[in-house]
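Take a look at the structure below.
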Amino acid sequence: MRFCLQVDLSVSVSVFLKAPVRRWEPHPPTAVMEKSNVYGLFTAAIETVLVKCDRPAHPLINKTYDFERVYGPAESQQVVFGDVCPLLTSLLDGYNVCVLAYGQTGCGKSYTMLGPHSKKARIPPWGPHSDLGIMPRAAGELFRLISENPSKSLKVDVSIVEVYNNDILDLLAKERRTEVSGPKRDAPTSKAAKREVSPPTRQPVHSAEDFIALAAGSLQLRAQLATQVHARSSRSHLIITATLTAASPCDSPADRQSPGPPLEGRPAWGRASPGSPGAQRPAEQVHAKLQLVDLAGSECVGVSGVTGSALRETSFINRSLAALADVLGALSERRGHIPYRNSQLTHFLQDVLGGDAKLLVILCVSPCRTHVAETLRCLGFGARVRQVQGGQAGEGSVAPRKPRNQ
C-alpha cells in the first residue's frame with residue numbers, strides 16, 4: 001500500500017502512501033512476511049488509513065491517518081506516476097520540484113522511484129516495462145515538456161550523488177571510484193560563503209534515453225548490503241538532480257562577474273567557477289531544478305541484525321532521517337531558524353525544502369506485525385509533513401481524486 005501526502009507551503013508539499021510490492025519481499029522472505037504476521041492495515045476511506053494491531057503485552061493500536069493519495073498493492077506504477085506528473089509542469093514555470101520516497105527498509109522505495117531490480121544486475125531494466133519507476137518516467141515527461149516549449153530553449157544537466165555516512169559522494173565524478181562509492185564532495189550551499197564549495201559534476205543530457213542511461217550506470221556504485229530485513233538494503237540516500245538552464249537575458253561581463261546573492265528557494269549551483277566540474281556556462285542561467293530522492297530506509301537494529309560498519313551506517317541513516325523530520329517540523333511551525341545544516345542530507349536538499357519549491361513525499365510502509373513500530377513512525381512522519389502548509393495549492397498540485405469503483 002502506498003500513501004501520498006500533498007501539503008502546500010510557499011513550498012507546495014504532497015505526501016502519498018504506498019504499500020510494499022510483493023516482488024520486493026524482505027530477506028529471507030519467510031522471516032517477516034508470513035501470513036500470520038500480516039495484521040490490520042486498511043484503507044478505511046478513499047484516502048484514509050486505519051492501523052489496527054493487538055499484540056500480547058502491548059497496548060492496542062487503533063489509529064487513522066489521512067493522506068492525499070493511498071495506493072493499494074494492485075495499483076500500477078503508471079497510476080502512481082499519473083499523480084506525480086502534474087508537478088513536472090511547474091519546472092517550466094521556474095519552480096524547483098522534488099519527489100522523495102520515505103519509509104522503512106524493504107518496503108519498495110527504490111522500486112517506486114527506479115523500478116524493479118533484475119536478478120543479474122543491481123540496476124533496473126530500462127526498456128519499455130510496465131513497472132518502470134518514477135525516475136525514468138519523469139525523464140521522458142521532462143523532455144516531452146521541453147519539446148513542446150521550444151521557445152524557452154531549455155537544456156538539461158544531470159548530477160547524481162549519494163549521502164553515505166553523512167558524506168556527499170559524487171557518482172558522476174571522473175576520478176577513480178571505489179566499488180561502493182565515488183569521491184567525497186561538500187553539499188552545495190544556497191548562501192554566499194567565504195569558502196566556495198565544489199558542486200557535484202553536472203553532465204548534459206539531450207534525451208530521456210541519455211538521462212536514464214546515465215542514472216543506470218551510476219546506480220551500480222550505490223552502497224548496498226544484505227540484512228535480515230532486505231537482501232539489497234540501500235545504505236545511502238540517492239539524489240538524482242536534473243538542472244534546467246536557459247539563455248541569460250543579460251549576458252554582459254559585469255553580470256558574469258557579479259552574479260549577486262541567490263534567491264531563497266532557487267538553485268545556486270551556477271555560481272561555481274567556469275573551470276569547475278559541472279559549472280554553469282557563462283551565457284546561461286539556472287531556470288529550475290528537479291530532484292528525485294530515494295532515501296535509505298529507516299531501520300530497527302534489533303530486526304535488521306546489522307553489526308560493525310553496517311551498524312554505523314544505520315546510525316547515520318536514522319540520524320539524517322530525524323534531521324529531515326526536524327527541518328519539516330520547523331517549517332510547519334514557521335520557526336525563524338530552520339536547521340538545514342544539522343545534516344548533509346537536509347543541507348543538500350535545502351532548495352527544495354524551503355522557498356517557493358514544490359515537494360512531494362511518497363511513504364512506503366509494511367503491513368507486517370514485526371514492523372509495526374517502524375510503520376507507525378513512518379505514518380507519523382507523513383502526518384507531520386502534512387502540517388507543512390502555508391499557501392494555496394499551486395498549479396502543479398495534485399487534484400482531488402475521484403472515488404474508486406468498488
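Note that Cβ sites are derived from N, Cα and C of the backbone, with glycine treated the same way.
Unlike curated entries, TrEMBL annotations are predicted automatically.
Listed in TrEMBL for this protein:
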BINDING   Gly103, Gln104, Thr105, Gly106, Cys107, Gly108, Lys109, Ser110  ATP binding site
COMPBIAS  178-197  compositional bias 'Basic and acidic residues'
DOMAIN    1-388  domain 'Kinesin motor'
REGION    178-206  region 'Disordered'
REGION    248-284  region 'Disordered'
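Taking the Cβ of Lys109 (ATP binding site) as reference, residues of its chain lying under 8 Å away and at least six apart in sequence are, in sequence order, Ala101, Tyr102, Gly103, Ser234, Asp294, Leu295, Gly297, Ile362, Cys364. All chains included, 26 other C-beta atoms sit within 10 angstroms of the C-beta of Thr105 (ATP binding site). Within the group of binding-site residues (Gly103, Gly108), the Cβ with the highest number of other Cβ atoms inside 10 Å belongs to Gly103.
All protein chains included, Gly106 (ATP binding site) registers 31 other Cβ atoms within 10 Å of its own Cβ. Averaged across the domain 'Kinesin motor' (1-388), pLDDT in this predicted model comes to 76. Each of the binding-site residues Gln104, Ser110 was scored by other CB atoms within 10 A of its CB, and the lowest score goes to Gln104.
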